[in-house]
Amino acid sequence: MRLRFDNAFLRELPGDPATGPGLRQVHGAAWSRVEPTPVAAPRLVAHAAEVAGMLGLAAGDVESPDFAAVFGGNALLPGMDPWAANYGGHQFGHWAGQLGDGRAISLGEALAADGARHELQLKGAGPTPYSRSADGRAVMRSSIREFICSEAMHHLGVPTTRALSLVATGEAVVRDMFYDGHPRPEPGAVVCRVAPSFIRFGTFELPASRGDVALLRALAEFCVWRDFPWLLGEHAGRPLGHLRLEQLFDETLLAAWFREVCERTARLVGHWMRVGFVHGVLNTDNMSILGLTIDYGPYGWIDDYDPDWTPNTTDVQHRRYRFGWQPRVAHWNLGRLAQALSPLFADAAPLQAGLDAYAATWAECERDNACARLGLQAGDDDGLALMRELQALMHRAGADMTNLFRALSDVDVEADAPSLEPLRAAFYAPERLAAEAAALEAWLARYAARCRADGLPREARVARMHAASPRYVPRNYLAQQAIDRAAAGDEGGIHELLDVLRDPYGEQPGREAFAALRPDWALDRAGCSMLSCSS
Ligand code: AMP
Ligand code: MG
């Protein structure tokens with residue numbers, strides 16, 4: 001097994017002179033060298049063949065015992081040089097100081113044959129200088145959730161970190177799942193995540209909070225150079241040191257960078273709101289500078305449509321990270337990033353322009369998503385208004401978000417008064433549907449008239465709708481079923497679910513069970529409707 005590494009983060013940014021996992025505050029440095037702590041018996045549970053292929057790994061590489069050893073944290077390939085990154089963050093609205101990779105250890109930046117850069121990062125690989133009071137490990141249940149959801153998001157077309165592998169460690173990890181004083185041992189696991197960059201908003205906030213403008217500037221220039229090379233035009237690919245000497249990183253360039261971060265974040269949130277994903281912990285340390293979904297913890301998927309729902313039990317009081325608030329939370333987080341970057345700008349105007357671009361891009365995404373999901377070709381505000389009315393009805397009547405939008409393409413829009421029948425199976429409670437049936441029928445009549453005026457032929461309309469509204473998403477209860485089966489010794493559920501989620505927009509006859517409404521047993525079952533950060 002061979003990979004080519006170019007560890008630019010280590011080479012180009014200042015590092016911590018101390019090594020090893022001892023807890024410490026790390027000043028003036030972007031990273032600390034630390035090796036994964038070996039585990040008792042690494043065993044490959046699952047891998048994503050697409051990610052292995054992207055890295056240039058062959059099937060034989062994945063099957064060899066070396067693979068589980070490397071991606072379980074017991075061995076290094078030539079060129080790997082492990083580190084933990086230093087960053088801070090705002091957690092639940094409050095500045096939390098230094099956080100850093102407490103249980104993530106990057107192995108290296110692999111360069112694929114096509115030149116693409118893929119940082120390989122183990123999650124759950126043992127303590128680092130940033131582990132604070134925790135153990136640096138991860139449990140199997142949350143590792144299965146991260147593995148499945150990262151890949152599902154990719155196939156849904158949502159920007160995300162990827163998952164190469166899921167390795168069982170053969171060791172127990174003790175967790176108090178409900179924070180109720182009942183810790184118990186659970187099987188441990190390590191996921192290898194893959195992304196072009198794991199830089200977070202909090203990466204910039206930490207040096208800014210310490211008044212370390214030199215490190216802040218170094219990080220910003222590095223990030224533009226490595227992660228946004230297209231902003232450098234003809235200078236892309238030239239050594240970073242040369243570009244610094246030529247003073248290429250002026251305010252105009254940094255402003256363009258911030259603006260792009262804002263626009264990418266808006267598009268990311270647009271996707272989340274389209275597919276019904278609730279991140280659950282949108283702290284600024286969990287916001288990727290590249291606009292990727294990162295850090296899958298107590299995330300959830302909307303079953304019955306409820307903009308106020310959060311899967312995170314830690315957040316149940318204020319529901320800061322509820323589904324419907326994600327657009328405004330992302331904006332708030334960008335505000336924290338803008339504040340952190342402000343020492344690099346003479347005045348606030350370019351940063352404000354970026355934040356305005358966020359609002360404009362999000363508004364555009366929301367409107368385009370609405371029209372695509374309704375099957376309207378004209379992307380106008382009428383479509384958005386219709387969508388808002390439908391969402392209010394879905395909330396009141398208890399409609400399953402995924403299934404309702406999918407079923408909407410079966411409505412006969414040639415009829416003046418279309419029947420509700422095609423939608424009926426997407427509702428959770430007949431009496432709640434009955435209470436709203438007249439309002440829904442009135443909405444359907446207006447919707448049908450709008451479709452006829454829009455003029456898209458039936459097939460094109462349905463294709464547009466199916467491309468925007470998935471049939472299959474990794475519903476919380478589906479992930480939990482795979483977890484329960486794995487705990488009972490049958491890991492087949494992980495592979496089955498991953499395979500269904502490879503084609504989320506396809507009909508996949510025979511696999512309808514994976515699109516079933518959330519069963520009642522899942523309503524108050526841990527892992528299905530409520531999750532804690534204990535992972
Ligand atoms: P999260 O809420 O998962 O984004 O984590 C917030 C911070 O806590 C990050 O710095 C994590 O690296 C750290 N952290 C979370 N879980 C653990 C753990 N089991 N061991 C060490 N650090 C952790
Ligand atoms: Mg995190």
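Glycine is treated like the rest: Cβ placed from N, Cα and C.
It should be emphasised that the depicted structure is a prediction, and the values quoted were computed from it without experimental measurement.
The secondary structure of Asp285 (active site, proton acceptor), as reduced to three states from DSSP, is helical. As annotated by TrEMBL, active site, proton acceptor applies to Asp285.
Marked as ATP binding site by TrEMBL: Gly100, Gly102, Arg103, Lys123, Asp135, Gly136, Arg193, Arg200, Asp295. Residue density at Arg103 (ATP binding site): 21 other Cβ atoms are found within 10 A of its Cβ, drawing on all protein chains shown.
What TrEMBL lists as Mg(2+) binding site is Asn286, Asp295. Annotation note: Asp295 (ATP binding site) sits in a coil segment as assigned by DSSP.
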(message) At 10 angstroms around each C-beta, which of the recorded positions Asp135, Asp285, Asp295 has the fewest other C-beta atoms nearby?
(response) Asp135
(request) Please go through the binding-site residues Arg193, Asn286, Asp295 one by one and keep those whose C-beta falls under 6 A from any atom of ligand 1; give the result in sequence order. (result) Asn286, Asp295
(request) Reduce the DSSP letter at Arg193 (ATP binding site) to three states and note it down. (result) strand
(message) Out of the binding-site residues I have (Asp135, Asn286, Asp295), which ones have their Cβ sitting under 6 Å from ligand 2?
(response) Asn286, Asp295
(message) Using a 10 Å cut-off between Cα atoms, which of these binding-site residues sit near Asp285 (active site, proton acceptor): Arg103, Asp135, Arg193, Asp295?
(response) Asp295
(message) Just to verify a number: CA distance, Asn286 (Mg(2+) binding site) to Asp135 (ATP binding site), in angstrom, no decimals.
(response) 19
(message) Using a 10 Å radius around its CB, how many other CB atoms surround Gly100 (ATP binding site)?
(response) 24
